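> This structure is in structure tokens; I'll ask about it shortly.
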Amino acid sequence: MPDVLDASPYDALLLLSFGGPEGPDDVVPFLENVTRGRGIPKERLKEVGQHYFLFGGVSPINDQNRALLDALRKDFAEHGLDLPVYWGNRNWAPYLTDTLREMVGDGRRRILVLATSAYASYSGCRQYRENLADALAALESEGLELPKIDKLRHYFNHPGFVEPMVDGVVRSLAELPAEVRDGAHIAFCTHSIPTSAADGSGPVEEHGDGGAYVRQHLDVARLIADAVRERTGVDHPWQLVYQSRSGAPHIPWLEPDICDHLEERQAAGVPAVVMAPIGFVSDHMEVLYDLDTEATAKAEELGLPVRRSATVGADPRFAAAVRDLVLERAGDERGQEVTPCALGTLGASHNLCPVGCCPARAPRPAAAGADSPYA
């Protein structure tokens with residue numbers, strides 16, 4: 001039997017994710033949830049939903065999250081961590097409010113949250129904290145006893161997140177034809193966001209020049225590129241690029257776009273490209289459509305050999321990293337001296353999001369941070 005690990009004062013872990021449709025009839029209602037309050041016509045949502053309809057109306061994120069749940073529960077059981085794991089989403093079933101209600105009914109009073117976003121940004125962190133505040137407000141209106149909720153820190157530079165991506169890039173390089181392999185360029189891909197949102201990401205002292213969002217991605221890209229060089233003996237050129245832009249064309253977003261980048265690399269004589277989706281925990285629709293479908297078609301049009309490396313997904317090392325993050329935060333809550341595990345130059349991220357971190361355009365209550373209205 002494994003030694004019993006102590007997660008106290010926490011009595012549950014909540015996997016908090018974006019959500020996605022499970023069939024064609026779910027696509028438009030799901031997109032209505034995503035775009036709530038923006039007044040987008042249903043016909044326009046049907047056009048946007050074509051990405052999902054190409055895959056039978058099913059988002060891959062749901063099965064990815066189910067696999068991650070299984071991996072977490074397996075890892076926790078094998079290592080003596082008695083901590084039940086629940087799952088709730090922002091935009092589709094299982095909805096966050098329903099899951100929190102279930103957790104309260106099960107007697108959970110101290111909850112840790114793992115968001116399926118590794119980096120600092122409004123949509124990847126604070127918006128989830130706003131969702132938590134909304135859910136707590138709903139439970140409060142029902143007269144339920146509210147649990148205390150904390151959120152695990154950003155884990156972009158934890159070895160259990162970085163090392164599986166290194167393996168993925170090395171495998172993708174090996175899949176390229178031998179004659180182009182050593183000259184291959186690595187395009188580290190992440191979700192584009194408005195430059196104003198990037199500049200405001202992270203704590204106030206990190207605002208500007210892309211903010212924490214860009215700096216964290218660059219740190220991970222360097223870590224992976226350095227590790228790939230050590231593994232292969234080849235110093236592959238690389239660049240951080242962006243994908244999945246949306247919104248009004250006059251609003252500046254982070255660039256270059258992956259398809260534009262492929263055109264530029266081909267024109268510069270690059271013989272092959274590996275696309276490494278470091279901004280995504282698992283194979284979201286943005287990975288399957290924007291990279292595997294759209295960007296891959298662009299590469300074929302250009303005659304440019306291209307491979308897409310694997311996301312972390314339910315890799316056992318990532319499940320072990322989550323266990324490590326849980327124990328780290330639990331020890332810190334108990335007042336113990338804890339040494340956080342982090343690679344790169346930026347160090348471990350904060351446990352508690354400070355006031356002014358990743359601000360919204362219109363201020364809203366956000367739980368699990370220094371500015372939380374819930375104790």
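Glycine is no exception: its Cβ is also placed from the backbone N, Cα and C atoms.
Quick paste from Swiss-Prot:
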BINDING   Ser59, Tyr128  Fe-coproporphyrin III binding site
BINDING   His191, Glu286  Fe(2+) binding site
> At the Cα level, what's the spacing in Å between Tyr128 (Fe-coproporphyrin III binding site) and His191 (Fe(2+) binding site), rounded?
17
> Pop the Cα-Cα gap between His191 (Fe(2+) binding site) and Ser59 (Fe-coproporphyrin III binding site) into the table, whole Å please.
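Taking the Cα atoms only, Ser59 (Fe-coproporphyrin III binding site) lies 17 Å from His191 (Fe(2+) binding site).
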> Using a Cβ cut-off under 8 Å and a sequence separation of 6 or more, which residues in the same chain sit near Glu286 (Fe(2+) binding site)?
His191, Gln243, Ser244, Phe280
